[in-house]
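Asks: Pulled the feature table from TrEMBL, pasting it below:
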TRANSMEM  B:12-30  transmembrane segment
TRANSMEM  B:42-61  transmembrane segment
TRANSMEM  B:82-102  transmembrane segment
TRANSMEM  B:114-135  transmembrane segment
TRANSMEM  B:142-165  transmembrane segment
TRANSMEM  B:185-206  transmembrane segment
TRANSMEM  B:218-239  transmembrane segment
TRANSMEM  B:273-296  transmembrane segment
TRANSMEM  B:308-324  transmembrane segment
TRANSMEM  B:336-357  transmembrane segment
Amino acid sequence: MKQKRGAVLAILMVFLAFFMSGCWDRVEIEDRGYILALGVDKYDPSDLNKYESSEYIDLDRKTQKFSPEQKKPDIKTDQKGIDPQTKRKVKPPLPSSKNEYKFAVTVLFPNLRTIGKDSKPDEQMRFLFVRPTNNVVGVRNYLEREINKRLYYGYLKVVVLGRDLVEEPGYVREVLDALNRESDIPQNTFLLVSETTARDILNTMPLVQPVTGIHLFEISKNASIYGRVIDTPLSQVVNSFIDSNCAVISRVEPGVETLKVAGAAVFKNFRFVGWLDERQLQIYKLLMGKAKHTFIDDLKYKSTYVPFITTEIQSKKKIKSEKGRLKIVYNLRIEGEVIEFVFKSGYKVLDDPMRKYIQNELNKIIKKRADDLIYLLKYRYNADVLGVGDFISKKRSKDWEKLKKNWDDEFKKIDIEVVPDVKLRRSGTIY
Amino acid sequence: MIINDNDKISSFQCFVLFVSVMIGIGIMFMPASVAKTAEQNGWLAVLLGGILSFAVFLLIFKIIMSNPDITFIELLNDAFGKILGIFFSLIYVLYFIIFSAFETRLIAETAKEFLFNLTPNEVLIITFLLTCAYISRYGIEVIARICEILMPGIVVIIVVLSFFVYQRLDFSNLLPILNIPFLKLIQGIGTTIFSFLGFEAFLFFMPYIRRKDKLIKSAFFGFLVTVLLYEVIIIFATADFGAKEMQTMIWPTLNLFRDVTVLEVVIERPESIIVALWMITTYTTEIIFLMTTGLILARIFNTKEHNFFVFSQLPFIYILSLIPQNISEIQKFMDYFSYFFATFVVLFLPLVTYTVLSIKKKVKKT
């Protein structure tokens, strides 16, 4: 009897062992490499060679805090990337007509050891790897050969697209599909277009926040408050490409000690067609009802500039048909405050001659700038990034059926009128 | 078979069972499949689908209430005789086994995609089935109590998470209303059917229900909660992604809740919570199905307990669940299943039975 019970118990133990070991695919937190930023460039062999030069290696040492004794092994390789002395493959093969890569992907992940207590002061904050590859997200699988971390996309903050890459609609579509398909990548990852190459951007160590990915992410997150920056999360970009084949993706400029997110790139049919500068972007955000604190500083009153900050914005779109043509009217209700003027000037900002003047002039400025922007979008870029087509398809679906066949031409014909209504509410703590 | 009094369920438990059995894995991809036909009017299709299902339930209810103290199996025997009756009962067994197989495979697919990347499908399926079978051996009252504990939690968590989704929605994506052809809307209703199926299990619960007069009320509230929950999910998903983008997604519901960020630090990426939650909802559906099959088999073989039959069906479910090659094939099979098999089993067979029974009674009277 006792033996029987023992046997049953043993069988049960073995059986349980099968199902209790369910956590075998767990990964310890320090074994993970949390990729914070991806940079995608079009593969350019000459450009990659630049990064193999001694000049670059010196810069690399300086920014990444390598100690001077540490030298990079100087290995000369042949065309296939094989070191002639050791006969081992050390580098990705140099490009020839046969093996031309599509992308050069930059991967950035933070050094988790610097967060811990026993971190050394001169340890570098983040790691950066550039690899030529044919798939964007799949670069992880190549890097796993040389990095002892499980690379994980779950906390990806920003994806920077290089300037060369966005000229190629096919490549942009590949990148978008990869980002949209990978289930680990969060939909609120911000997309940015670099003014130069994505690698340059991620290679910079901004002073305030040295981990570039977090730096760009936090700036983009502030964009919902400030008017000069636009936030372009992946889901929104994908959505607008699906709806209208056009999109706006914010721009990032490299600097020596900092990175600047400013302006935006306009895409049409997955191809980069032009930039929006900061002022155009302000108006674009006003029209889209996204900006809250827009800073308008080109109003002059008696030889003094009067800066105006908006505090409340309502943007309402309406469709009218005039003589068989559709007309879209944007009603902008803007409230705001004047934060600077001349001390003891004798003028009262909140009182009537000046208040009315400021309001009228601001209305004119905004209308002028909006008209310029609409002209630019309509005739120069011919990109419906304002979502006019989408709006018509929602409100006037019957008209849309006729228009959508050659929307590119029809978009030019549609009148867009902007009616700003600025109200000055506050002027700080003095009149 | 004698049913003792402590194996009876109250009308509140009926309501909970209704919600638990209907909200299954279907909701995970229902917004996408509805959007493929009904586009931005998916919410309307779900509403109409819910009303239609409730109408079908009322019909079933009328049929089983013709003799409320026995299950549908005995009704089948009365109508078609012993041999045909058993044959039709076995069709019900087959129906629930296939249904369970769908649920099992889909929960394994979801878990593999979002939680256990390296765990083999087979292990996920076996563990899920064994956990379900463990509770299904017990009587209907125990299962009703389990659902009573689990169901409110699920509904509350989904509603709470919805509040955090709310801030990024654009409700203009729901426009224009009703500009699609009527036929497409009908097709859309068809795709919602799978998400509502499950209520037919009540064909076999009649003797266990304490207050049969209140069943309609429980069913009404059960359908109401289910429809409301589905509506919240489909409206939010449409508003968030837009109908066009949603058509390209495999798991729109999961994507909807995946990028919820609660206070930056508290919850970031709650997808594991959502997948776990859906494991629980599927779990409640699955245990009811396993038990129903057990009950039917117990009636056919006239045994006292149903717990042996619960385990005996697991190998079949396991094998069936591994048949489809990929998720799109599962959905294709599921469409066939809900259009043909479910219509036959849920609507057609009860109707025929009822007709035959009423003719027979008329014959007897004269």
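Glycine residues also receive a Cβ, built from the backbone N, Cα and C atoms like all the rest.
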Asks: The transmembrane segment (B:308-324) vs the transmembrane segment (B:114-135): three or more C-beta pairs under 8 Å (separation of 6 or more)?
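Replies: In contact, yes.
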Asks: In the same chain, who gets a Cβ under 8 Å from the transmembrane segment (B:82-102) while lying at least 6 residues past its ends?
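Replies: Contacts of the transmembrane segment (B:82-102) (Cβ under 8 Å, skipping residues fewer than 6 from its ends): 25, 72-73, 76, 197-198, 201, 203-204, 286, 289-290, 292-293, 296-297, 299-300, 313, 316-317, 320-321, 323, 330, 333-334, 337, 341-342, 345, 349.
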Asks: Taking B:12-30, B:42-61, B:185-206, B:336-357 as candidates, which has the most Cβ pairs under 8 Å with the transmembrane segment (B:142-165)?
Replies: B:12-30
Asks: Mind pulling out the one from B:12-30, B:42-61, B:185-206, B:218-239, B:273-296 with the most Cβ pairs under 8 angstroms to the transmembrane segment (B:114-135)?
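Replies: Result: B:273-296.
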Asks: Six or more residues out from either end of the transmembrane segment (B:12-30), which same-chain residues have a Cβ under 8 Å from its Cβ atoms?
Replies: 46, 102-103, 106-107, 110, 141, 143-145, 147-148, 150-151, 154-155, 191-192, 194-199, 201-202, 205, 209, 214-215, 218-219, 221-223, 225-226, 229-230, 233-234, 249-254, 278, 281-282, 284-286, 288-289, 331
Asks: Test of understanding: applying the rule of at least three C-beta pairs under 8 Å (pairs 6 or more apart in sequence), is the transmembrane segment (B:336-357) touching the transmembrane segment (B:218-239)?
Replies: no
Asks: To the transmembrane segment (B:185-206), which of B:42-61, B:273-296, B:336-357 is linked by the most Cβ pairs under 8 Å?
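Replies: Most contacts with the transmembrane segment (B:185-206): B:42-61.
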Asks: Could you give the residue numbers and ranges of same-chain residues that sit at least 6 residues beyond the transmembrane segment (B:336-357) on either side and whose C-beta is under 8 angstroms from one of its C-beta atoms?
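Replies: Answer is 56, 59-60, 62-64, 66, 72, 75-76, 78-80, 88, 91-92, 95, 98-99, 102, 190, 193-194, 197, 200, 203.
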Asks: With Cβ-Cβ distances below 8 Å as the criterion, list the same-chain residues six or more beyond the ends of the transmembrane segment (B:42-61) that contact it, or say none.
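Replies: For the transmembrane segment (B:42-61), the list is 30-31, 34-35, 174, 177-178, 185, 188-189, 191-193, 195-197, 199-200, 202-203, 215-216, 219-220, 223, 226-227, 230-231, 234-235, 238, 243, 346-347, 350-351.
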